[in-house]
């Protein structure tokens, strides 16, 4: 058995693409997606901040989603690109812990925030008269703080456990970032307790919120079909379908990856699925919410139209 050299604290990230021309083209595509994600989410945050018409609970939550997506994709892609271009696949022990902490924090917090956004739409459509009370700005603030706090606490527990595992096998992590489950095969101890922790936290932060979101949107769609106003029905259906698209892209690959036992998982499949929730979803969120949302499109016209008028 290969023992870990205690004088070295580095791990090796095997990465996502082979180091050839095909890998380079795919990485450039990922960098393009990364740039789109940064631009789209930064634009969304700016619009919601400067346009008073978007200072509502729904858009305040959406601005937090955009902030999480910026931090989310920035946790993995820059390091992956640096390792590919430099030819150095190493990441320090501390760096691996920091990356794992921020990745897990964003993952769990975003899962809870999406559930909060679903609750917001449920109240707005099914209980419109109670909306100002149930979704006040104070309640919105509590949802945001709760999402960040619970996500951070859960992430800290997982990261602390991972940093205290004795590693005595090869230090090569078969992934493009420090995903704790991908680090478990390197441990020289039985990790069944931690695998049970992963199952529990995935259920609490992803599966149960996903089931709650599905149930709430089922109730929302039922209410939409009984609306008399065609315009109101169209607006509600567009909003709900937008949210469901985002939720499906995010939760489905995440839950499928982390709820499976290790014996049924493969590193190649895990890396491909991780691309969906770590790279594609942060890029798609601002596109989906902007192109299918008249309020956001209107804010773009007002904000950037005013800017261009000022420039001329």
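Just so you know, glycine gets a Cβ as well, placed from its N, Cα and C.
Curation does not apply to TrEMBL; its annotations are automatic.
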Which listed span TrEMBL calls transmembrane segment, if the choices are 236-252, 253-269: 236-252
Can you say which of 172-191, 272-291 is given as transmembrane segment in TrEMBL? 272-291
When only pairs 6 or more apart in sequence are counted, do the transmembrane segment (24-47) and the transmembrane segment (193-215) reach 3 or more Cβ pairs under 8 Å? no
What residues elsewhere in the chain lie close to the transmembrane segment (236-252), defined as a C-beta under 8 angstroms and at least 6 residues from its ends? 110-111, 114, 117-118, 121, 125, 206, 209-210, 213, 217, 220-221, 223-224, 227, 276-277, 280-281, 284-285, 288-289, 292-293
If you count Cβ pairs under 8 Å, which stretch among 97-119, 193-215, 272-291 touches the transmembrane segment (59-77) the most? 97-119
Using Cβ atoms only, state whether the transmembrane segment (193-215) and the transmembrane segment (97-119) have three or more pairs under 8 Å that are 6 or more apart in sequence. yes
